[in-house]
Amino acid sequence: MYGLEKLGINNVTAAHYNLSPAQLVEKALANNEGILSDTGAFVISTGKYTGRAPDDKFFVDTPEVHKYIDWSRNQPIEKEKFDAIFGKLVAYLQNREIFIFDGRAGANPEYTRRFRVINELASQNLFIHQLLIRTDEEYNENNDIDFTIISAPNFHCVPEIDGVNSEAAIIINFEKKIAIICATKYSGEIKKSVFSIMNYIMPHENILPMHCSANMDPVTHETAIFFGLSGTGKTTLSADPNRKLIGDDEHGWCDKGIFNFEGGCYAKCINLKEESEPEIYRAIKFGSLVENVVVDPITRKIQYEDASITPNTRVGYPIDYIPNAELSGVGGIPKVVIFLTADSFGVLPPISRLSQEAAMYHFVTGFTAKLAGTELGVKEPVPTFSTCFGEPFMPMDPSVYAEMLGERLKKHNTKVYLINTGWSGGAYGTGKRINLKYTRAMVTAVLNGYFDNAEYKHDDIFNLDIPQSCPGVPSEIMNPIDTWQDRDKYIIAAKKLANLFYNNFKEKYPNMPENITNAGPKYND
């Protein structure tokens, strides 16, 4: 039944296949998995795990994949250990109700992959139903499934026996084309497992997988992509009422253009307001899954400003909940690439122009601050360097992805900008987060070509070119030193961050070509 016997899953009490969102909400309510908000969205608590658990993620080390995976950044697990855990997981699923969703990753039909996701929770099946690309196909046992993911939040590993680090484990086995997710209800683990799998598969077909959002001009069809780690603004900035949204997080870049890996969005909703983010706010309705928000027990209104459970409150919804979405999920060659960073030091400019060499430097550097709640244990912003703006999800050597991006930027003469959505006027705790209104104005100016002929000032500490004006943005915030009350303290903080850049690059990329190395900050005494 639904290929379960091939996996060794037998004697389930019920197997529900490709239920509709309404059916899944009914099941989840009946199973006490969550509640409905006043807008009809389904609200759940994910318990202990309110963010990803990167220390609990593993790849099965087999001869077939060993040479392709960068083991300096990814944890291996023995095939025998995986088999033992999988055997116990399969036994655990006996006499349980399970939910199955068949969908696709990759909107370009030439490169699409079929995924089967098996859940013990109806709410998690609702999430992945809304996040992957949905098909109208009925079940056909002859349809090949490219990868199967099994998520069982109530199944716990035993670290001492299973060779993992905690009761939770996210294990991807490329040889068997199976991934398992144990002991965590955080739905993002399913989504990011799909992404990690695609990030391994796609480069073998000369497709650059990217941790980015993308949108498109509805008239010219020119596309822009926004790279960035969690919380830097990918989803927010790509949801632009004047442009068509292609996708908010995961894309591939092939010879003909870009394509979304997904069929939905997964947005942060802490401090969400309709005035500043209307598209996301209005997407929180029936069929959406909301995680870890506080809900008024009487009115059932979501208290978006309340971070008492976690700052990493999230909502998953299908992309057609965004009114101006490009439902094909496909766009042309990007005209503009924007790197988003959330600088908690408060010293990077709000926007700077990058040469192709500087673009390569900042792509492999991937600087940002991990924002509170996005990973287990992160309570306040932590400066981090995440290769390709997505190191936790990139199984292969970073040079693979960097070279592919470099080739494409050069071939298409794509313009690249670095935008800081983090702090201004001081570091985290003293400065303020850059106003979203100003960041949107800068993005609009980039897309309109305003900065092509703007006046620039070179920043010697960070080796960046800073435009001196932008429509809709106060000129005094363009140069970060002007936003600090104490300029000497700014210089000390800026040099500290520049040295972090320098030391990170020197340690990670000693063999990088000199022209790329020289495009970054120099060491400051």
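Positions of Cβ are set from backbone N, Cα and C atoms, glycine also.
Binding site for substrate per Swiss-Prot: TYR186, LYS192, ARG314, plus ARG52 from the candidate set ARG52, ARG487. Just one of HIS204, HIS211 is listed by Swiss-Prot for the same Mn(2+) site as LYS192, ASP249, and that one is HIS211.
Counted within 10 Å of its Cβ, the other Cβ atoms near HIS211 (Mn(2+) binding site) come to 26, all protein chains included. Here the binding residues for substrate are ARG52, TYR186, LYS192, ARG314. Their largest Cα to Cα distance works out to 14 Å. For THR232 (ATP binding site), the nearest neighbour among the binding-site residues ARG52, TYR186, LYS192, HIS211, judged by Cα separation, is HIS211. Here the candidates are the binding-site residues GLY228, SER230, LYS234, ASP249, ILE434, and by Cα distance the one nearest ARG52 (substrate binding site) turns out to be SER230. The highest number of surrounding Cβ atoms within 10 Å, among the binding-site residues SER230, THR232, THR236, is found at SER230. Apart from LYS192, HIS211, ASP249, the residues listed for Mn(2+), the same chain places the Cβ atoms of LYS191, PHE195, SER230, GLU250, GLY390, PHE393 within 8 Å of the centroid of those Cβ atoms. LYS192 (substrate binding site) sits 10 Å from HIS211 (Mn(2+) binding site), taking the C-alpha atoms as the reference points.
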